[in-house]
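Pulled from TrEMBL:
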- 1-27: compositional bias 'Basic and acidic residues' (COMPBIAS)
- 1-56: region 'Disordered' (REGION)
- 59-246: domain 'CheB-type methylesterase' (DOMAIN)
- S71: active site (ACT_SITE)
- H98: active site (ACT_SITE)
- D188: active site (ACT_SITE)
- 251-502: domain 'CheR-type methyltransferase' (DOMAIN)
- 846-900: domain 'PAC' (DOMAIN)
- 901-953: domain 'PAS' (DOMAIN)
Amino acid sequence: MADRKKQDEAQKKTAQEQEERQPEKADAGGGSSGEVEKERTSKPQSGSSPRVQSKHMGQASSLLLVGIGASAGGLDPIFQVVEQLDPDDPGAYFVVQHQAMQTGEDLLSSLLSKRSECDVKLARQDMTVEPGVIYVAPPDKLLSFHNMRLRLDDKPVRNKPIDHLLRSLADTAGERSMAVILSGSDTDGTLGARAVMESGGVVIAQEPETAEYTTMPQSIIDNNLADLMLPPDNIAEYIQEFAQKLGSRDSAENTVDLPQKLREELLEEVKDRAGHDFTDYKENTINRRIRRRMDFNKIERPKDYVAFVKARPDEAQELFKDMLISVTNFFRDPACFEALKQALVKDYLPRKNSNEFRAWVPGCATGEEAYTLAIILAEAMAEADVHCEVSIYATDVDAQAIASARKGVFPENIESDVSEQRLRRFFTHQNNQYKIKQKIRDMLIFAEQNVRQDPPFYRLDAIVCRNLLMYFKPEAQQKVLSHFCYALKRNGLLMLGTSESVGQYNDCLRSLDSHCRLYAAKRGIEDNSRDFGGHSSRIFSMTGIRGGRQERSRPEDIGEDGGIRSMERILLKLATPPSAIVNRQGDIHYLHGRTGKLLEPAQGKPDANILRMAREGLRMDLATLLSECAHSQQVQRRRNVRVRTNGDEEFFDIAIHPVNSDQFETPMFLIEFRESDEPSEGALELPDMDGVAETVKRRIAILESEVQECRDSMRIMTEEYEAANEELKSSNEELQSTNEELKSTVEELETAKEEVQSINEEQATLNDELQSKNSELQRISSDLDNLLVSTEIATLFLNADLEIRRYTPAMTELMSLRESDVGRPVTDIAMKLDYADLSRDAARVQETLKPIARELESDNNTWLQMRIRPYRTTDNRIDGVVVTFNDITQLKRSERTSRSAQSLAESIIEISSAPILVLDENLVIQSTNRAFLDIFGVTEKRTLGKRISEVAHGRLDVPALTNALGRLVKEKEVLRNHAVEAEVEPSRRVRLFINAKYVPFSTMEGEARRILMSIADIKPLNEEG
């Protein structure tokens, strides 16, 4: 085991070094993980040369790897499967039993070789895997698959060999792995099947109806892991079809090339049927899942599958389930969760200034990772000696997974992922399952939520979102990350999967552990965007505004330095003179060249709008041309525009170009300013030529006056426009203020929503418990009703006011009772017995708490024993009385008969002339008759209670008599005319003839044994002589 540990540590170190040598992949964020699934399945393992790895992976990419697991009752199903396998199919098969036969390590392989056409081999260390071969795991080893070679390890105490094999197949072969779970009485294979499903492989469970032991296949079905449920004799046929289909495609073509239109139709159909939108998922992920469903339904062409889905609504649901990939496990990457725990213990919890800890686990699936966080948090609080009220919001779009997570019940094979100490501390083992303890369950609130579309929780101390972002497109990844940045408190912790990173959000998150993708929110993150549409507000410094620190928030996102460089390239390409790039509203994003003659800062608050900065004479033309360019998307030009500069006037040519670039999210425009080639002022004046008619001059003067008036009018309109614009700005500011108030209100509503969700979750939990208690009470009530109906004892229940609460059917024979009498005082009901003291006796019992018993005789010579006892509740309160009537008629008759018989027997003994004694087992006299007293001259007082050897002055202290009676007690014999000598009177010895019998005898204390002895004859000794 030490060598195994060193090897695992070496592999981990090598993987870290490879990751550090490729920083561009780690820093690219969600966008770099576009082929995460592909990388995970094709990344070479450490310890082999690149050439060998390439060769092995090339073989693996064309080979179907099938893990067949079984346990009790699984031998026959294994035979049925392997008998039909074709050695020419591109598949390798691995047979593992949960509890293998120990009669010989090659026994199973020998049995299989006689039944299968495939080559059957007993697995050996480093054996190369070949197609068409069945590999059998030795009974005392764990079998796994790495780099096209087999690896054998010693079995640990917690023995889950099927899980061990299937996980290795999933890690190596990905979607070319297959799990086949057959009959068995354990849950081994469930976690391995989850790994196969997550990697895109296929899971087949034996139909429970055909299994001798159903636990193993039923566990696969109950956890929603089974792609197919088949009888054993049909499994091989499906394996062959699937293997041939995989073998006919090159590994690069393992996903279907689905046209965008068809893919959109499929996603729309899934959205309509299942209510979830998958357009944000990566196309490779979607295509891979579509290929799986096409293979299952044996459909080759994508358009046929689209028609198939539209015709069968249940197939849309199956595709939806396949896309969700609701699988996870406890403590995935244990080192990373240990890093999270240490961050909590050493840094976060000791500095926490509130007693509330809020966390979020989006994409929680069936809850294992959420419960892992709760366990880690419980341990961290104990180590840091900090107590917090914990609320962990665990969310997912899969309602079935959420329902399963709420139960908190997991199969036994979580022992492979959870340490024995944690199992004892945080779980309860019952019915071959592990149930999370209530103190951990109370930390979690499970709910349905779409992390991409629904608003996030907020004021969070931690977020754990592992292996979820890698399925999203880069845009969706950034949107979710922006939600995380907004949701976290300052220094709050974020933990992603090892194949994921924060990308461009390095400015709001700092790395704590680069390998485990553990981050903390930086200070000042409270100003993050709260636009849940996913577009963050950006801040740009405005060129041309002095003061250095003045900034303005822009609604348009023109990118980072790449957008500026794109602007420069456009300007240089056009060889522009003084120019500006603006948006539709005239907001300046970039200035080029000397623009002092054209633009000047406006009075008041600094503003970077070109229309407000334009000098006199330029503003109207700019506004007109910008509007026309935006409308037509064509270049707009105007020549000889008069601009007043420092008391003088100059003419400029203006050109506005629409800018087409992917760097800008909104339309942008390039404005060029060129000095006009026309003379500035004199060229427009008419020469004072002789001979020009006076009327012409007058007409020119009129026209110039009209032009001046137009200009004055335009100036006034412009000023009015600017005033109106200022009013609009003021209104806009008020709207922004109102918007902030609305945002604040929304936040309060979100808080209230979370509280309501928490209350609903608590109410749901309480309702479940109440339903369980109600069911239990219904069962108890049914048991009580049946007991009362089936018993023949008349019973009457009275409440504290001596009102009828309940009665048994037999009670109607003693009282005139009907169902409507429930709730009436008992004194209102007529008794059929001569017993008028019922209410008085019941009140006395309530007062003294002492039961009362009476014997009552009815008119038909029936005797009843009436007992009244206090009615005690479960909390030991007295709430009435219980009255029972037992029929003791037979007992009374027996007593009467017994008394008569006893009286008769006593009379016979008394009048008998023969002396008679009744002795106990210790030969103590219990009774005698007058004949004995007279013959031996003793009184009854001096006889009863004495041993026979002590009466009559010891004259019956005869060893022969004592020994005979002792044998009688021991051997239960009968003495007949047993002769003994005794002295009846002084100096008078006689021979006594004794008859005695050991008989049962009833007393007040119960059954007893007595000796009945009589002296049949007394003969003097001289007479015999």
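For all residues, glycine too, the Cβ spot is worked out from N, Cα and C.
Sequence-distant neighbours of S71 (active site) (same chain, six or more apart, CB under 8 Å from its CB) are Q97, H98, Q99, S183, G184, S185, D186, D188, Y213, M216, listed in sequence order. Under DSSP, residues within the domain 'PAS' (901-953) fall into helix, strand and coil as 20 helix, 10 strand, 23 coil.
Neighbour density around each Cβ, counted as other Cβ atoms within 10 Å, peaks among the active-site residues H98, D188 at D188.
On the 0 to 100 pLDDT scale, the domain 'CheR-type methyltransferase' (251-502) averages 85 in the predicted structure. Taking H, G and I as helix, E and B as strand and the rest as coil, DSSP gives the domain 'PAC' (846-900) the counts 15 helix, 26 strand, 14 coil.
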